[in-house]
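Q: One structure is given below, represented as structure tokens, and several questions about it will come after.
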Amino acid sequence: MAQSLWFLFIITNLVFSAYADQLQRFEHPTKTHDSLSFLVLGDWGRRGDFNQSQVALQMGRIGEKLDIDFVVSTGDNFYEDGLTGENDSNFEESFSNIYTANSLQKQWYSVLGNHDYRGDVLAQLSPFLRKIDSRWLCLRSFIVDTELAEIFFVDTTPFVKMYFTNEAGHKYDWRGINSRKAYISNLLKDLDLALKESTAKWKIVIGHHAIRSIGHHGDTQELIKHILPLLKIYGVDFYMNGHDHCLEHISDTESPIEFLTSGAGSKAWRGDINEKNRGGLKFMYDGQGFMSVQLNHTQAEIVFYDVFGQVLHRFNKLKQLHSSI
Ligand SMILES: *[C@@H]1O[C@H](CO)[C@@H](O)[C@H](O)[C@H]1NC(C)=O
Ligand SMILES: *[C@@H]1O[C@H](CO)[C@@H](O)[C@H](O)[C@H]1NC(C)=O
Ligand SMILES: *[C@@H]1O[C@H](CO)[C@@H](O)[C@H](O)[C@H]1NC(C)=O
Ligand SMILES: [Zn+2]
């Protein structure tokens with residue numbers, strides 16, 4: 001008896017360890033199976049201030065027009081310091097009561113930003129928030145699989161060494177991350193495996209921090225070192241992020257990757273744009289706004305909008321219809 005229990009224990013452990021590390025996956029079948037559209041917003045939760053409400057209004061309008069499937073948040077969801085707990089009224093004041101348009105009553109997929117780590121980090125990840133507002137889904141790293149596209153959400157804050165050395169003088173809630181090194185190396189292993197196995201036509205990686213940006217924070221060296229090589233090896237089409245409070249499009253000069261920043265959900269106009277002559281720079285707007293993504297089997301269309309819903313920049317990326325995956 002004891003022996004068979006022990007055997008069961010070993011088997012369970014083996015199964016558990018084989019799967020425990022893998023990224024959680026959400027299947028999100030699209031309306032038609034042939035196309036997908038979603039909005040991308042970052043750096044937003046300020047109780048409607050700094051044009052957050054104006055951006056929300058235009059997202060509602062464009063969301064309706066494009067009949068979006070969901071919304072993606074690139075992090076820094078709640079300012080200044082994330083949520084204080086799962087009952088923090090900032091959740092409703094900055095999310096539920098702001099994004100009220102019909103078209104935005106869809107699933108929201110969110111990652112954490114550095115500001116979110118300054119509060120009770122577990123609060124935003126808590127299923128309790130989904131009871132308050134069922135649209136909310138925020139996890140550290142996970143995959144949304146729409147068949148046409150696979151979207152890999154990556155928790156980038158722990159990559160940034162500066163936050164651990166307290167240079168900026170802020171306190172971070174690192175619960176769940178006992179060792180930065182082990183956390184990053186596990187995450188990279190999982191991401192590598194997931195990208196390797198992906199057969200989706202479009203591969204998109206989402207993180208809070210920019211790999212390439214000419215805004216205030218600029219490039220994130222840790223991501224250039226650890227994430228960029230994976231994007232290149234596995235033919236990722238787009239890397240999308242927030243963190244810099246602007247809208248940007250930079251084409252990689254060495255690969256087909258397009259770097260897209262959508263971090264303009266509220267406070268913007270910082271006014272410190274660097275390297276205006278950066279190679280591959282296609283577009284940079286220092287004010288508020290958001291981005292839309294439309295995909296089908298042959299092309300992707302990316303559009304950036306300002307607080308009036310006016311199109312600031314638009315581009316297409318083509319795929320061969322019959323190219324092997
Ligand atoms: C809101 O947006 C308008 C139009 O871009 C801009 O002129 C204004 O400065 C913005 N307000 C804030 C607080 O950023
Ligand atoms: C949040 O509020 C609910 C309902 O009022 C309560 O059951 C729960 O314990 C609260 N959570 C925290 C962390 O205080
Ligand atoms: C993809 O969308 C573009 C733009 O709407 C359209 O011209 C094209 O025919 C579509 N391709 C397929 C395979 O549906
Ligand atoms: Zn940030």
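Glycine too: its Cβ is placed from the backbone N, Cα and C atoms.
Keep in mind that TrEMBL annotations are predicted by a computer and have not been checked by a curator.
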Q: Say TrEMBL lists Asp76, Tyr79, His245 as binding Fe cation 1: which of Asp43, Asp120, Asp286 is in the same site, per that record?
A: Asp43
Q: According to TrEMBL, Asp76, His208, His243 bind Fe cation 2; so which of Asn114, Asn166, Asn274, Asn277 is the extra one listed there?
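A: So the Fe cation 2 site in TrEMBL includes Asp76, His208, His243 plus, from the candidates Asn114, Asn166, Asn274, Asn277, Asn114.
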Q: Please report how many Å separate the Cα atom of Asn114 (Fe cation 2 binding site) from that of Asp76 (Fe cation 1 binding site), as a whole number.
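A: With distance taken Cα to Cα, Asp76 (Fe cation 1 binding site) is 6 Å from Asn114 (Fe cation 2 binding site).
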Q: Counting only residues 6+ away in sequence within the same chain, which have a CB under 8 Å from the CB of Asp76 (Fe cation 1 binding site)?
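A: Those within reach of Asp76 (Fe cation 1 binding site), by Cβ under 8 Å and sequence separation of 6 or more, are Gly42, Asp43, Trp44, Gly45, Gly113, Asn114, His115, Asp116, His208, Gly242, His243, Gly263.
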Q: Could you tally the C-beta atoms, other than its own, that fall within 10 angstroms of the C-beta of Asp43 (Fe cation 1 binding site)?
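A: There are 30 such Cβ atoms around Asp43 (Fe cation 1 binding site).
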Q: So how many other Cβ atoms are close to Asn114 (Fe cation 2 binding site), meaning within 10 Å of its Cβ?
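A: Excluding its own Cβ, Asn114 (Fe cation 2 binding site) sees 22 Cβ atoms within 10 Å.
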Q: Long-range neighbours only, meaning 6 or more apart in sequence with Cβ under 8 Å: which ones does Tyr79 (Fe cation 1 binding site) have?
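A: When sequence neighbours closer than 6 are ignored, Tyr79 (Fe cation 1 binding site) has Gly45, Arg46, Ser94, His115, Ser266, Lys267 within Cβ distance under 8 Å.
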Q: If you count, for each of the binding-site residues His208, His243, the other Cβ atoms lying within 10 Å of its Cβ, which residue has the minimum?
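A: Fewest other Cβ atoms within 10 Å, among the binding-site residues His208, His243, is found for His243.
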Q: How does the model score the domain 'Calcineurin-like phosphoesterase' (37-246) in terms of mean pLDDT?
A: 97
